[in-house]
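Worksheet for the structure shown next.
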Amino acid sequence: GQLPTWLQGILLRNGPGMHTVGDTKYNHWFDGLALLHSFTFKNGEVYYRSKYLRSDTYNCNIEANRIVVSEFGTMAYPDPCKNIFAKAFSYLSHTIPEFTDNCLINIMKTGDDFYATSETNFIRKINPQTLETLEKVDYSKYIAVNVATSHPHYDSAGNTLNMGTSIVDKGKTKYIMFKIPPSVPEKEKKKSCFKHTEVVCSIPSRSLLNPSYYHSFGITENYIVFVEQPFKLDIVKLATAYIRGVNWASCLAYHKEEKTWFHFVDRKTKKEVSTKFYTDAMVIFHHINAYEQDGHVIFDIIAYTDNSLYDMFYLKNLTTDFEEKNKLTSVPTCKRFVVPLQYDKDAEVGSNLVTFPSTATAVKEKDGSIYCQPEILCEGIELPRINYDYNGKKYNYVFATEVQWRPVPTKIVKFNIQTKEMLHWEEDHCWPSEPVFVPSPDAREEDDGVVLTCVVTSDPKEAPFLLVLDAKTFKELGRAKVHVEMHLDLHGMFIPEKDLKTETE
């Protein structure tokens with residue numbers, strides 16, 4: 001095929017790549033050592049490269065020729081040859097665990113720099129052109145967070161906005177929204193942007209020892225949207241996991257009898273909206289988008305009724321007949337919540353406060369709290385992406401993978417939220433990864449551009465490839481085959497040529 005001449009830059013992706021070290025094996029697919037890979041587009045040609053993230057975790061494991069650093073689903077125990085004192089000490093030091101820097105989930109941009117991220121307090125700077133691993137940054141040196149999401153947002157001023165949880169800090173557990181500036185003042189050129197990290201606001205956790213797990217959050221022009229779900233981390237279990245010989249993943253539990261709470265923080269005043277908004281129990285990983293309309297915040301998410309998704313990816317379940325055998329017990333559902341932030345305070349109890357046409361409702365309860373029920377937009381999509389120029393604004397299109405009842409994606413889709421129309425791309429034995437939308441330079445409409453996805457094949461005779469689709473029609477423009485083994489990755493980003501430093505810089 002042919003690539004558009006304007007497509008110049010790098011598609012950079014991240015995901016687990018190595019699951020065995022020496023004689024030891026990780027228990028879970030999401031624990032594997034991070035493997036970065038990239039497709040560089042230059043004058044109609046595509047260049048591929050891949051490299052393991054040289055994290056401290058990677059280096060320690062490779063040097064020991066066994067897994068010596070614990071991951072979320074796999075506990076690593078110290079070498080039995082060590083003396084008894086060293087042993088006792090290592091048990092103690094695991095109370096608030098020294099987390100791994102195996103940053104395998106996503107890529108984050110801060111100023112002119114790029115970082116591999118996961119959900120611990122560590123991120124690793126990387127060179128997007130060579131995939132070389134550079135310095136390690138510890139968020140907790142700048143703000144009191146023990147974990148942070150790997151789905152940050154970017155505002156129009158170039159700031160990076162992210163959320164993390166501060167566990168039992170000064171006797172409180174809270175969710176912290178923080179902002180990293182894109183650059184530092186001239187006179188501080190030697191310092192890093194992280195030194196100027198600012199806490200935007202904090203939301204107290206409803207429970208000191210059971211904070212909510214979250215993988216992403218939403219943002220509109222004026223608000224930050226945070227969903228506190230009853231999928232929670234048990235801090236006491238976390239602190240004793242090492243001694244009990246269980247993994248940290250076992251410290252997460254879904255409480256289906258509890259509510260899911262919505263928090264809205266005003267970005268200007270940094271204060272939370274005082275009304276209590278809630279819905280039924282659900283598990284969410286990915287926010288799609290959020291925006292404001294007529295005094296309401298509208299936000300779209302992908303929700304589950306249980307947490308079976310994580311369990312599917314234990315390596316013991318990833319057998320040859322994985323596709324046939326494994327079924328999700330909860331299908332991912334794309335839900336739209338419409339939340340009236342401005343409403344008639346004298347409205348009757350039991351009345352629906354949503355004032356424009358939508359099947360989503362927000363009903364006033366006796367105690368003044370508001371119970372929200374969503375509009376179901378569609379089912380069976382995951383790894384959603386949008387045209388990020390429309391982030392926080394009214395929008396039409398979601399690009400995603402289609403999973404239905406299987407945990408492995410077999411199609412990519414373009415879903416029109418307004419008309420509910422869906423376009424697909426699929427091919428036999430093909431497993432596409434998260435689709436990334438790249439707008440064309442002279443884009444007039446939301447879907448002017450291309451969609452990029454890396455496709456691995458379950459047919460050993462077929463080579464994996466990068467696929468380029470016209471985002472409007474979803475017709476294939478071209479593909480670049482890669483004659484090496486490519487891994488199924490998680491997330492990534494497209495970096496336009498103008499955002500890449502030249503080698504001299």
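Cβ atoms here come from the backbone N, Cα and C positions, even for glycine.
Note: TrEMBL annotation is automatic and uncurated.
According to TrEMBL, the Fe cation binding site annotation covers His151, His215, His286, His491. Close to His151 (Fe cation binding site) in the fold, though at least 6 residues off in sequence, lie Asn106, His215, Ser216, Phe217, His286, His287, His491, each with a CB less than 8 Å from its CB.
Every protein chain considered, the tally of other Cβ atoms within 10 Å of the Cβ of His215 (Fe cation binding site) stands at 16. Cβ proximity to the Fe cation site centre (mean Cβ of His151, His215, His286, His491, cutoff 8 Å) flags the following additional same-chain residues: Ile105, Asn106, Thr149, Ser150, Ser216, Phe285, His287.
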